[in-house]
Amino acid sequence: MGKLFLIGAGGFIGACLRYTVSSQVPRIKNIPAGTLTVNLLGTIVLAFLTFSSEPQSMVYLVNIGILGSFTTFSTFAYETFKLLEEGQNFSFFLNIFLNVALCLVGVSIAYLALSL
């Protein structure tokens, strides 16, 4: 039961943070920058926590709870599909590229920073 409480509490925090951050970041040339921002921030934090040693309770609270609800693949997929549906082909491909490439760069930065 303790695990579920930590995950649920973290989920509440992450969802509130996601709403706050993503609603404050405007679209940039049709790119849903709010979703990109939360996914990039969440990826970097998750990478730092994963590559460092942390107690299992932190995994439940932060990695699964907070970051699981803070980041959002489903919104990324929906917003990207909407770009395609609206005929925004360049923005469609750019959004995919930015989300994947920047998040991979974020993981790499965290890994390299902790390897020094």
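Residue 1 is the first one shown; counting continues down the chain.
Every residue gets a Cβ built from N, Cα and C, even glycine.
Less than 8 angstroms from the CB of G68 (Na(+) binding site) sit I7, G10, G11, G14, each of them six or more residues away in the same chain. Under the heading Na(+) binding site, Swiss-Prot lists G68, T71, citing sequence analysis as support.
According to Swiss-Prot, the feature transmembrane segment maps to 1-21 (among others). Within the chain, the transmembrane segment (1-21) has long-range Cβ neighbours (under 8 A, six or more residues past its boundaries) at 34, 37-38, 41, 57, 60-62, 64-72.
Here Swiss-Prot flags 31-51 (among others) as transmembrane segment.
Within its own chain, the transmembrane segment (58-78) is flanked in space by residues 3, 6-15, 17-18, 21, 32, 35-36, 38-39, 41-43, 45-46, 49-50, 95, 99, which lie at least six positions past its ends and keep a Cβ under 8 Å from the stretch. Annotation source Swiss-Prot lists transmembrane segment at 58-78 (among others).
Annotated transmembrane segment per Swiss-Prot: 92-112 (among others), in sequence order.
Beyond the transmembrane segment (31-51), the same-chain residues lying 6 or more positions past its ends with a Cβ under 8 Å from any Cβ of the stretch are 17-18, 21-25, 58-59, 62-63, 67, 70-73, 75-76, 79, 91, 94-95, 98-99, 102-103, 106-107, 109-111, 113-114. Listed in sequence order, R18, V38, N39, G42, T43, L46 are the same-chain residues at least 6 apart in sequence whose CB falls under 8 Å from the CB of T71 (Na(+) binding site).
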